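The following features are taken from TrEMBL:
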| type | residues | note |
| --- | --- | --- |
| BINDING | 19, 20, 21, 22, 23, 24 | ATP binding site |
Ligand SMILES: CC(C)(COP(=O)(O)OP(=O)(O)OC[C@H]1O[C@@H](n2cnc3c(N)ncnc32)[C@H](O)[C@@H]1O)[C@@H](O)C(=O)NCCC(=O)NCCS
Ligand SMILES: Nc1ncnc2c1ncn2[C@@H]1O[C@H](COP(=O)(O)OP(=O)(O)OP(=O)(O)O)[C@@H](O)[C@H]1O
């Protein structure tokens with residue numbers, strides 16, 4: 001007898017430059033019932049809990065990379081990594097494959113939904129977009145992004161610009177996007193997200 005397995009969900013990514021609003025947008029998709037993998041958060045969890053990754057981070061950043069309770073010293077790592085291109089490259093090379101494998105495991109556990117979302121700042125830069133069916137890019141002008149992050153994190157302009165310099169330019173991401181959300185503060189992202197959600201549901205139905 002022919003058995004019909006339920007179709008696995010599509011793998012969709014959501015990305016954008018620092019402060020574009022990708023986490024804000026991902027939370028709205030989550031409210032529509034879509035499971036979201038938050039790569040930045042998960043990366044930090046893995047960096048604090050995966051013994052092999054921890055050993056590599058101590059190699060790169062010294063024992064100060066963790067405090068006495070074993071928590072990740074984000075400020076120490078950020079200060080060193082974003083001012084030393086070689087070190088950032090080595091950090092990325094250690095963290096990105098671990099996150100990629102973890103995201104794959106997570107996706108396999110999801111069912112009964114038309115698609116899942118992987119929210120990550122560096123989907124294009126890390127190459128992990130290749131494992132996805134489509135990518136949504138959240139876009140906002142640089143000055144808006146800068147202001148939002150300075151306000152959200154209480155940091156100086158230069159700290160944000162140091163991260164901006166390590167990311168693919170906004171225009172390039174927008175050009176590559178399968179779906180684009182404009183989050184310049186002028187147009188409603190809720191309507192845009194709703195429209196993309198419907199298109200993705202349709203895409204799943206047509207597989
Ligand atoms: C340096 C760390 C500890 C700083 O932590 P912090 O809480 O301040 O930032 P968080 O991880 O939440 O990232 C905030 C934003 O910074 C930018 N950013 C983070 N890592 C990178 C990177 N490797 N390259 C460029 N931009 C980055 C992104 O826009 C990201 O959304 C952390 O960012 C890190 O470990 N980064 C390297 C691993 C990585 O690439 N993680 C992100 C995706 S898997
Ligand atoms: N349309 C908007 N109007 C006003 N504030 C917004 C809007 N979108 C996002 N923000 C605010 O801007 C800040 C950055 O948004 P968010 O954290 O979602 O960006 P992100 O792309 O995930 O950033 P990062 O790359 O640092 O992880 C947050 O404080 C968020 O509340």
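The backbone N, Cα and C atoms fix where each Cβ goes, glycine too.
Note: TrEMBL annotation is automatic and uncurated.
Around residue 22 (ATP binding site), taking its Cβ as the centre, 28 other Cβ atoms fall within 10 Å, counting all chains.
Around residue 21 (ATP binding site), the same-chain residues six or more apart in sequence whose CB sits under 8 Å from its CB are 138, 140, 148, 181, 183, 189, listed in sequence order. Neighbour counts of Cβ atoms within 10 Å were taken for the binding-site residues 20, 23, 24; the minimum is at 24. Summary of the ATP site environment: with the site residues 19, 20, 21, 22, 23, 24 set aside, the chain residues having Cβ atoms within 8 Å of the Cβ mean position are 16, 25, 138, 140, 148, 183.
In this view, residue 19 (ATP binding site) is surrounded by 25 other Cβ atoms within 10 Å of its Cβ, with every protein chain counted.
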